[in-house]
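Peer 1: According to TrEMBL, the region 'Disordered' annotation covers 52-82. Residues or ranges marked as repeat 'TPR' in TrEMBL: 86-119, 339-372, 373-406, 448-481, 517-550. According to TrEMBL, the feature transmembrane segment maps to 24-44.
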Amino acid sequence: MAASKPVEAAGGGGGGGGAGLSRWQLALVLGAPILLGAGALYLWGRRAARRGGKGASERKTPEGRASPGPGPDGPGHQETSPLDRAQAAKNKGNKFFKAGKYEHAIQCYTEAISLCPPEKNLDLSTFYQNRAAAYEQLQKWTEVAQDCTKAVELNPKYVKALFRRAKAHEKLDNKKECLEDVTAVCILEAFQNQQSMLLADKVLKLLGKEKAKEKYKNREPLMPSPQFIKSYFSSFTDDIISQPLLKGEKSDEDKDKEGEASEVKENSGYLRAKQYMEEENYDKIISESTKEIEAKGKYMAEALLLRATFYLLIGNANAAKPDLDEVISMEDANVKLRANALIKRGSMYMQQQQPALSTQDFNMAADIDPQNADVYHHRGQLKILLDQIEEAVEDFDECIRLRPDSALAQAQKCFALYRQAYTGNNPLPVQVAMKGFEDVIKKFPKCAEGYALYAQALTDQQQFGKADEMYDKCIDLEPDNATTYVHKGLLQLQWKQDLDKGLELISKAIEIDNKCDFAYETMGTIEVQRGNLDKAIEMFNKAINLAKSEMEMAHLYSLCDAAYAQTEVAKKYGLKPPTL
């Protein structure tokens, strides 16, 4: 299976080598794209965060300069201006605030607002913001938002007021307004305050989940590209339904095999579906499998598993689950069918962020079919996602013991060992892991995944030239694999800051596979960094329509909403983040 799109571990972080665009890249569980624990913080925000931002201390205190000193007529002059009286009322309010007497503080701030000359914008904005701070302590969120709005109208780049209003909008469940305010704050603070960045990430995730839930429920099923489907099935070696026509589907009776094969092929919906698989006519597989199931035919278990597999491929997990459940419950069915169904259901659970159920299914698969290499291979990938690296390596070792020719398992074992060493900042094990990659590609020179994973590790080690060579090897072996072009494009940006070459390679990926959501997502991310927000939103929306899971769709909506919020902030306040 070729290089896949990024996957972040459920308990770990992304980012390698301190480079701007790189993230941990892992082979896909079952070849299906999933993104676990993925925050939607802006990429340039992530760079700022890595440089070290301010602490996350709460901004609760009022503000304003001290009480006014003597007036222009000298210390003995008794008359004070309206602004001086307003400042005095504000200072009195501050004392009440610090004493926890918020109602009294509000009265004083209200007096300050009424006394302040209307042309004194900055002072007046401070009084409104201070009153909002007092309302915040009383959890009067509507009043907080209203006073902060007044403050921002008077001082459009007033960070405290914007952030306080963002928190009020969060409490009022006004997610869109909250996101716009906190986006403005992040930009004004140059992404140096952790508290505002965490709120941005939180609201983006909530918005993403909310939108994805509705969109995914009503989405039109979409068959992935033939290349994606073939990559998916190539990650299995003990999968009966993906083997050539009639292989493993022999009759239990002693009959003329050729004659029966001809007869069954004519009458069996399942075997017709298998024929369509060989012809890459994937759109007809679900309907033909359904015919076998409705007829309660000889290959009913196989048809259920095949139909469930294609339901998963088109992103319809709700339809896949009953079929998988039924196969798993068939105690008289071929054990490899049941184990394969458990692997796929376990992977589905992982996509749905239910790791306990996922682990349970993989363990059950190992119990019923302990000699099935696929179980250990895919469970190893699950363990990587859960950051259980030592257990992942044990599973890959067992897969290799059962199938010594499993190049994919050996490459992924190397990557697991590399990741463990790299995150532990231990140079010697990193060198051992890199040597392991060399051994794998030497032993399995036609394993594209080995070159791709090695390239990702080399990129982390800042060995860009050699990483580029590995991606070229991967492309030579699988010229129609779009994701490799995306990775190579990202490398050009990181290595040479060659934006044109990077975009050219990612465009090539889309040309090869116009259903490659990873390419559209990456293109959108780059356009955000270039400041082309409308183009970025267009790319993210294309990726959303191609998403294969609700979780992946939620992540993409988060990216799209982040870009949209920036367009709104740019219109309202003239604020734009740094660009490439």
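In case you wondered, yes, glycine gets a Cβ from its N, Cα and C as well.
TrEMBL labels come from automatic prediction, so no person has curated them.
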Peer 1: How do the residues of the repeat 'TPR' (448-481) split into helix, strand and coil according to DSSP?
Peer 2: 27 helix, 0 strand, 7 coil
Peer 1: Could you pull out which residues elsewhere in the chain have a CB under 8 Å from any CB of the repeat 'TPR' (517-550), counting only those six or more residues past its ends?
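Peer 2: Hits for the repeat 'TPR' (517-550): 5-6, 21, 32-34, 42-44, 212-213, 215-216, 219, 222, 224, 313-315, 317, 351-352, 482-483, 485-486, 489-490, 493, 499, 502-503, 506-507, 509-510, 556-557, 559-560, 562-564, 566-567, 570, 576-577, 579-580.
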Peer 1: Would you report the average pLDDT that the model assigns to the repeat 'TPR' (373-406)?
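Peer 2: Taking every residue in the repeat 'TPR' (373-406) and averaging pLDDT yields 95.
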